[in-house]
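Record features, source TrEMBL:
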- 1-25: region 'Disordered' (REGION)
- 53-95: repeat 'WD' (REPEAT)
- 96-129: repeat 'WD' (REPEAT)
- 276-317: repeat 'WD' (REPEAT)
- 327-347: transmembrane segment (TRANSMEM)
- 409-443: region 'Disordered' (REGION)
- 432-443: compositional bias 'Basic residues' (COMPBIAS)
Amino acid sequence: MKVKVISRSTDEHTKERSQDLQHSNPEKAVEYVRALNAAKLDKIFARPFVGAMDGHIDAISCMAKNPNHLTGIFSGSMDGDIRLWDLASRRTVHQFPGHQGAVRGLAVSTDGHVLVSCGTDCSVRLWSVPISTAMELDVSSDKSVEPLETYVWKHAFRSVDHQWNFDRFATGGAGVEIWNHNRSAPEQSFEWGTDTVISVRFNPGQPDILATSASDRSIALYDLRMGKPAAKLIMATKTNSICWNPMEPINFTAANEDCNCYSFDSRKLNEAKCVHKDHVSAVMDIDYSPTGREFVTGSYDRTVRIFQYNGGHSREFIIQRECKGCFVSSSAVMLVMLFLGVMTLILGCGRLKHPNNWEFFFQEKRKRHEYHEAVKNRYKHLPEVKRIVRHRHLPKPIYKAAELRRTMTEAERRKEEKRKAHSAPGSITSKPLRKRRIVKVEE
């Protein structure tokens, strides 16, 4: 049997001199069209929203994820109810009643066996987390769930975090307290200022390092080995939440009230490493992905955005249209990151050729998807493909707010330039945004 092979010589499509006309390549034209279609199909078949879980009768104020079970997530509401959800079935599998006020903080131990909760009723409670085989628990049963331990203190609590690989946890409120599972009183107490501590986070690499943010616009670092504060940073606006980079534990990112997030090196607090923009209202919460390459933020502007750890602008966002100023928790937005990570599963291209062979069907779909991604990456530098990939449709309120912020920023820049032009040379020096929002650093 004779086999005929179609071959094209490169010399036939290459210019000999720069003045010669470029020979057209039909293969490139076809691949370019396929790259455009692949970029458009990503927008058409994107389905980031998977489902909703309802059961709380009041607003959800905090959430926490279980480090041992990927399908388990905890949520606390303003009516004092704590629930354990199974993400696979999207239902409640366990309830922890007991708080008399709003639950303001949740944290899970590293082994995933103990849940720590705190609230406005001035109490901290330790709960036993059910094992994975107990996910079939009937929540309608009358069996009461009692906490392992209950600690009552002098003031209300705003946040809690568990130490990595140890039996200690930290709470934030009028001060910072370090607790042990086996003691009814705090082991250590820190007070640097008199304002309320909003967020506490233990360092994953150095478990004795603790970072806190307070309502006096401060970010403080504590060393439990020394028993005293290590450094304090005063910013121009309040920081609502802090999160350490799990792969680079010397770096942390702060979610600020000025619509931006600031990444800092804990060894050099007088300058931010990177400023992450795009939100048009206060950033309420933040959390890193396990790889440390990306983090996700939730804002009061009803958007959830995904940022590169060293990127100034978000690469993706989701809009909560029916949420008007709610609490956005780090664990909740981590789920959104999971949804967006596989948002380009294309399932409508072509017919099912082998309906009885599902393995062949999925292999065919996977190969088609990989080919589309390769073609799109090959032509991603071209203007039309780049425009389609980068385009994000913003709702009118967010678009108007972003336009107003750009106008205000441009007006401030022009004002600064005119002030420098009409002043003595060298009398006015402009600071970059990475330093401008920092008021003072105390050691």
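Heads up, residue numbers simply count up from 1 along the chain you see.
The backbone N, Cα and C atoms fix where each Cβ goes, glycine too.
No curator has checked TrEMBL annotations; they are predicted automatically.
Applying DSSP to the repeat 'WD' (276-317) sorts its residues as follows: 0 helix, 23 strand, 19 coil. According to DSSP, the secondary structure content of the compositional bias 'Basic residues' (432-443) in residues is 4 helix, 5 strand, 3 coil. The DSSP breakdown of the repeat 'WD' (96-129), given as helix, strand and coil counts, is 0 helix, 18 strand, 16 coil. Across the repeat 'WD' (276-317), mean pLDDT in this model comes to 90. Remark: secondary structure over the repeat 'WD' (53-95) totals 0 helix, 22 strand, 21 coil, with classes taken from DSSP.
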